[in-house]
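The block underneath contains the structure these notes are about, expressed in structure tokens.
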Amino acid sequence: MIAHKQKKAKKKRVWASGQLSAAITTSEMGLKSVSSNSIFDPEYIKELVNDIRKFSHVLLYLKEAILSDCFKEVIHIRLDELLHMSKHQNLNSVDLQNAAETLASKVKAVNFTEVNDENKNDLFREVFSSIETLAFTFGNILTNFLMGDVGNDSILRLPISRESKSFENISMDSVDLPHEKGNFSPIELDNLLLKNSDSIELALSYAKTWSKYTKNIVSWVEKKLNLELESTRNIVKLAEATRSSIGIQEFMPLQSLFTNALLNDIHSSHLLQQTIAALQANKFVQPLLGRKNEMEKQRKEIKELWKQQQNKLLETETALKKAKLLCMQRQDEYEKAKSSMFRAEEEQLSSSVGLGKNLNKLLEKRRRLEEEALQKVEEANEHYKVCVTNVEERRNDLENTKREILTQLRTLVFQCDLTLKAVTVNLFHMQQLQAASLANSLQSLCDSAKLYDPGQEYSEFVKATSSSELEEKVDGNVNKQIASSPQTSGYEPADSLEDVARLPDSCHKLEEDRCSNSADMTGPSFIRSWKFGMFSDSESTGGSSESRSLDSESISPGDFHRKLPRTPSSGTMSSADDLDEREPPSPSEAGPNSLGTFKKTLMSKAALTHKFRKLRSPTKCRDCEGIVMFPGVECEECLLVCHRKCLENLVIVCGHQKLQGKMHIFGAEFIQVAKKEPDGIPFVLKICASEIESRALCLQGIYRVCGNKIKTEKLCQALENGMHLVDISEFSSHDICDVLKLYLRQLPEPFILFRLYKEFIDLAKEIQHVNEEQEAKKDSPEDKKHPHVSIEINRILLRSKDLLRQLPASNFNSLHYLIVHLKRVVDHAEENKMNSKNLGVIFGPTLIRPRPTTAPVTISSLAEYSSQARVVEFLITYAQKIFDGSLQPQAGVIANTGAIAPQVDHGCHPKPLLSPDERDSDHSLKQLFFSSKEDIRTMDCESKTFELTTSFEESERKQNALGKCDAPILDNKVHLLFDQELESASHKTEDTCKSPKLLLLRSDRVANSVQRPTPRTRLRPVSLPVDRLLLLAGSPTERSSRNTGNTDSDKFGKNAAFEGLHRKDNSNTTCSKVNGFDQQNVQKSWDKQNERNSFTAKTTVIIPSAYAEKGLAVSTGNNRGHSSGAAQPSKAHADPARSARDTSEHSSSDSCPVAAVRAPRTLQPQHWTTFYKPPNPTFNVRGTEEKTAFPSAAVPPVLVHAPQSHVAKSDPDLEATLACPVQTSGQPKESSEEPGLPEGTPTCQRPRLKRMQQFEDLEDEIPQFV
């Protein structure tokens, strides 16, 4: 049924379209008659005047409606009356239609809710101007019509409306069908469709057909535009090649004309490309596709809505049918019950008296059944009525929905037609403009070609060749001009016998013609002398010189100096023709960047720093790592090789020296990269971190958002090829972050070594425990009244410092640099949304990970990820307290010859997080975090001296144990006396050693008045491996000696307060070998003297004045204690009940000697306790083991500073005298730490005091402060 109606509608549309075409034809025929005869018809003129007067009145009514504060509907009605003035089709032109559309858009754009007396003139200014424009346009069109100047192009070919009464359609009104006269209004269209039962399906099918139709149109336009675009590109290439070929050929007929034609082709092709781009963008394709997609979307929604409404109506109709059947069934049941009741009554009347009682019961039962049946009938009738009401409501709803859908579809179709009309006008209008410009240019070329006289150029050529008397003069002028021209200086002058001389006037004329006709030619402009017999057959027949090699010499065997000029590449030749290194570059090519023939090649910023030349031999490209054959270039300075096509993406800057080979960085051993840097920090870390800090600290999601994988791999490859010379400014910040994370992730062993993994995981658990305690206590009023840094946090800080000092110098410096960089990222967390917790999650598994194994992943190993993140978060949060802004130098930087390693580039060091003033203002808080391993380090190994220092450790510990009340007074006196002696001694050391001046680490002069805790001199037991027990049993200096070598001297200060505070352990440290002086010989002599000279508890040291005159500075202090002054040997296993927390607290409070100078060394435990095998002693070791022991408490502290030259020449008696006093109790022999191990030969062994245990117990009762 639907298909049949669609066929009928199609037949009607075909018939209507044929009638419309006939109407248009009749209209076109009538226009001529109107233009010729209607003007002289008095009746038509009278009617026209009346219509014009009515049009002016409508304009006035519209203006008055706007000025008289009418409602919006009134203004729109007036505007609608104005726009429907379409009676005279001869006056309905494009300009008038555009003016009317402009007026309508201006009126609709006014927001009438905001109109008042104040802003009325401003809001309606554009409307009034549009009304005046419409009136002016109408007047012009009317004048042209009356004057007979109306053109057919300006008249719109619109369908003739019912109101259009003119001579060409009067006869047609009598034959048109009633329902086909003119255009229907939108309401009439909807009413017509409502009469049809299948109106929704017809409208939806039309919308679907419109979508398919539009799809085909868009497909045709897109394919056509693509073909035209490809054609224009080929035309441009062909025109460029042809123009460059015919441009060098002179005296050719119509040469300028064809050159202009080629230029016109190029210009028109460029215009066509712009037109195609516009049509593909917002002029045709995109708007039409958008409208089609919207049509499809709304059509599907409308279809779904219509199906839902139909299903609802079907459900209600089904319910109505069921209700009707139920009513009929109930009625039948009621009739049966009623007849049964009637029979029962009859039986009762005819029955005897004895059966009356039973019949009464039966009668009552049947009466009850009859009533129930009647009740069911009434209920069924009520349900039926409800169903009937529901069906009526559904039908009304369906009718309303049908009307709304038809209105929506009609509006949608109108909008789609409007869009299709607009884009179609754009399409043909732009094509018309393109064709018009092309037609004009072709017409001008045709006119120019008609003016050419055949043989004109040949005559000019003959005249030029026959003027032999002026050959030398012209040849000299030409050669002079060639030599002076900067664009042709690369070409040698031709021989005079082969040159074709021309007259000066013809020369100038030719030069002017070439400049005017070939102004846009690419390549050098030059004056070329003709040579006879120099054309090959292929050139003369083919018409192009591209088939020959433009780099080759002349074809003539006798012409060794002439070279053909090189034409630029047209896209079809090899790109190697521009790389002729046999020709010296011209002055114009030898610019500041020395681009030469690469001016047309796209280059990156890094590529512009190179000075390229043609590649001499095949090799590998540094950019893409492909094989470079002939189309390759090579830098003259750094010898970088790459393809020409890779110059656009090159990121390696010229280093003006030979570029190093490729270095495998990602996945390589860390020490391989670190040993090539002065400070041990990989250049990848420094480059990436500095670039991120310069432009991406406020970038949201830094280090969290992933970058482009291809660009990241490109940057990794460039860093391996160019190392420090890579310019990473062209890459995005996320790509740089990915490179940094990838480098850290691919390290075989992270910055925090595998052997320290367990300690850091335990540290993370302590951090978690402390955080939980702080969370529980942060709301208590006591903490709010007395805010202070938790002692547990301070202890964790000191333990973390102790663990970090066990890292090698390069690992420590790299970790230091990275953590400080991440701290700066966290400082901008408000902008980048990356706090320390987020960064800990990202960098935790990268910086701290266990040794890889083949064991399967367990839940415990997964749970350690949070611990890894927590440690990194803690390091970032307390970076100011853990790292102090300076880096450790690498170990082993001094060679056997005493040469000093290159200085560390301080520009690469992390910037200090606080200024000195801020440090001083915050000094009261940071005093709690001083650690001997952090604040006291050795000086540079290139110093020419060593210092032998002692301390008041035993006396201070005795004072703290005997009386806490006298501790501050004694401490102040001892420190004041000792500081004065140290200052005088250190000044002498400066003069002797000529070492760099030491800077102040802190400048707090009131530190002497603060009571300082006494550090322990013994170790508490802890559950660690044997080698770690040996490491912890030694002094802090001994534990960290392998990590510290020559350190930047700017880190240390001479503040007397802190020197007195930290001088509690003294040790003898020397460089292994400086200026040929071997420290091991002195150590052996000291050991021998130690064996012979064993001092008791009351031994004193007497140094003659003769030795002081030789350069020894002696400072003697008074010892105030005698009862328990003996040194206490270290007992690693003395008290197994002590906890690991006390152990870490004790080890963190150990101290080191101040400014002790020695070479870095490696701790070598006894070989029978571990698997470690001690290496053979060489002169390259960082230092020898120090075997020190403390004398009795009665010995006054002695500070000796002696130059190496004096020590080397000192007497044996002096060595014997200095042997034992310089040994400290804080550094006992390793063999004495393990009671169960074989004992070596001890040096200056002392008996254990009887009251040792008492002092230890008393010391435990004294509160310890960090």
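From the backbone N, Cα and C atoms, a Cβ is placed for every residue, glycine too.
Quick look at what Swiss-Prot lists:
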- 291-413: coiled coil (COILED)
- 538-556: compositional bias 'Low complexity' (COMPBIAS)
- 1115-1127: compositional bias 'Polar residues' (COMPBIAS)
- 187-457: domain 'F-BAR' (DOMAIN)
- 668-883: domain 'Rho-GAP' (DOMAIN)
- S166: phosphoserine (MOD_RES)
- S171: phosphoserine (MOD_RES)
- S174: phosphoserine (MOD_RES)
- S185: phosphoserine (MOD_RES)
- S496: phosphoserine (MOD_RES)
- S516: phosphoserine (MOD_RES)
- S549: phosphoserine (MOD_RES)
- S915: phosphoserine (MOD_RES)
- S951: phosphoserine (MOD_RES)
- S1023: phosphoserine (MOD_RES)
- S1149: phosphoserine (MOD_RES)
- S1151: phosphoserine (MOD_RES)
- 538-596: region 'Disordered' (REGION)
- 1033-1054: region 'Disordered' (REGION)
- 1114-1153: region 'Disordered' (REGION)
- 1222-1248: region 'Disordered' (REGION)
- 1263-1266: region 'Interaction with PTPN13/PTPL1' (REGION)
- R704: site 'Arginine finger' (SITE)
- 609-654: zinc finger (ZN_FING)
For the zinc finger (609-654), DSSP counts of helix, strand and coil?
5 helix, 15 strand, 26 coil
Roughly where does the domain 'Rho-GAP' (668-883) sit in mean pLDDT, to the nearest integer?
84
Cα distance (Å, whole number) from R704 (site 'Arginine finger') to S185 (phosphoserine):
61
Tell me, by DSSP, whether S185 (phosphoserine) is helix, strand or coil?
coil
Specify the secondary structure state of R704 (site 'Arginine finger') as given by DSSP, simplified to three classes.
coil
